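Notes follow the structure.
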Amino acid sequence: MLAYLPRPPTDTSRYGTFPQKPDLPTVPGLLVKDGGQQAAAAAAKRGAPMPNCPSAPRHSGFVAGEPSGPPSRGSMSTQQHRGRPSWCPPPAPQEAAARLYPLHALSVANIPNSSRGKTSARSSTNPIPEGLQSRRCKLLEEDSPMVQAGKRQRQRYVTKVGKCQVNLGNIQDKKRFLSDIFTTIVDLKYRWFLFVFMMCYIITWVVFGFIYFFDAWVRGDIGHQGDPEWQACIENVDGFVSALLLSVESQRTIGYGTRMVTANCAEGVILLMAQSIVGSMIDAMMVGCMFVKISRPKKRAQTLIFSKNCVISRRDEKLCLMFRVGDLRESHMVDAKIRAKLIKSRQTAEGEFIPLEQSELNLGYDTGEDRLFLVEPQIICHVINRHSPFWDMSAESLRREQFEIIIILEGIVEATGKWSGGGMTCQARTSYTEDEILWGYRFEPCMSLEKGAFQVDYSRFEMTFEVQTPAASAKELHELKELEQQEHSTLSLYWDHLLQPC
């Protein structure tokens, strides 16, 4: 049996997001003249927005109840129909009758445009050839802002795998990187790190080998090879290659015994001591960098997964933005914390433009709910209240917005705690754009109880199902609730007044 409440029946024909346009008789003249005004009049008769309309459930998309296909920030077909010039042929009556218009998309009255009237008069006097007319209509449709916005690829601030898409350039003071050489080496890619690792040893071997060869050549040890009466400073060094082998054997403490530094010269002893000290420093630094680079918990973030989409639905009679996070390893994260940042550009009242402004989303840091015991997949909830940036955002206005939600999950890797004091901190990141938020959906349960233990089914981690959710913003829902409470209190006072005895 499921560990949570069972999911509602899959028949969601009662649910949806936008009210559906009622079936109207097809009148070609009226539909060609102004189909939007009829839909607006029908919407005005219906009154306030109703609950969701029938729509088939789905597991991916943007807003509940819209047709399948790539999401957009507005009804593109409606915008093109309204902005179509008079010389473009009107849509077919069947297409206009089959098109659905959301209630809030037609709530604004049509404003007459003087330029449109002038264009119509001009086009009536000067007829345009049919070929030029079709090409002009095609160019106008391609140059429309909605089509261009759909063609542009959205640039993310943080990718889905957590990589920050920010390139640092024109750095003048690069000496700061050399002052922190340890972090600079650790941050290098593996191919460059191995190159630096090898070059540190090769360069020191070659430099000290050249110094050994120069000392033996100056003292005459190379010219007196095989002379038993000659007291050599460096024995069995007859060229640069043999001096290089002496340098490698001395620094790596191999000690074959054929080449060595004797006590006949003080400079040879000092040179051997200097090479031993330099070799020990290189060993300590490079081995430490290698250990830190291998043991960094950066790859631990690959087993921390996030849901592909965010959902917005009601929880405890409050509109909430939710996403799911899970851990694939059996070794758990210690002291896991989760944060969320909203990245959005805005313009201040003084006219200052702030690009990519960061604001905090409350995930329960005031109540301690942001501290996770991440054993099973958990659904993280952000309550949309008057302190939330989504307070006055409805399902339709969500389409027109451009923002990005950055999720940051931090914790201590449990496996590193036994040799590194307090353990190493791991950070996993992901992001959600406005196109990845599903309005009117909820995550399916992925836990069940089997044979005395809870079983997690990660194949259901991404699955969502549609629920009944109003398309209005949280602010509008709150005002509607307060209005109902005021009406109820007024009626109760009036009823109590009637019941009082004369």
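Cβ coordinates come from backbone N, Cα and C, glycine included.
The compositional bias 'Polar residues' annotation in TrEMBL covers 111-127.
Residue counts for the domain 'Potassium channel inwardly rectifying transmembrane' (158-297) under DSSP, helix first, then strand, then coil, are 83 helix, 6 strand, 51 coil. According to TrEMBL, the feature domain 'Potassium channel inwardly rectifying transmembrane' maps to 158-297.
Residues or ranges marked as domain 'Inward rectifier potassium channel C-terminal' by TrEMBL: 304-481.
Positions annotated as region 'Disordered' by TrEMBL: 1-94 (among others).
Here TrEMBL flags 111-133 (among others) as region 'Disordered'.
Taken from TrEMBL, the feature transmembrane segment covers 192-214 (among others). Sequence-distant contacts of the transmembrane segment (192-214), counting only residues of its own chain at least 6 positions beyond either end whose CB sits under 8 Å from a CB of the stretch, comprise 185-186, 234, 237, 239-240, 243-248, 250-251, 271, 275, 278-279, 282, 286, 289-290, 293.
The transmembrane segment feature in TrEMBL is assigned to 269-292 (among others). Panel annotation: around the transmembrane segment (269-292), residues 182, 185-186, 193, 197, 200-201, 204, 208, 211-212, 215, 247, 250-252, 261, 263 of the same chain, lying at least six beyond its termini, place a Cβ under 8 Å from a Cβ of the stretch.
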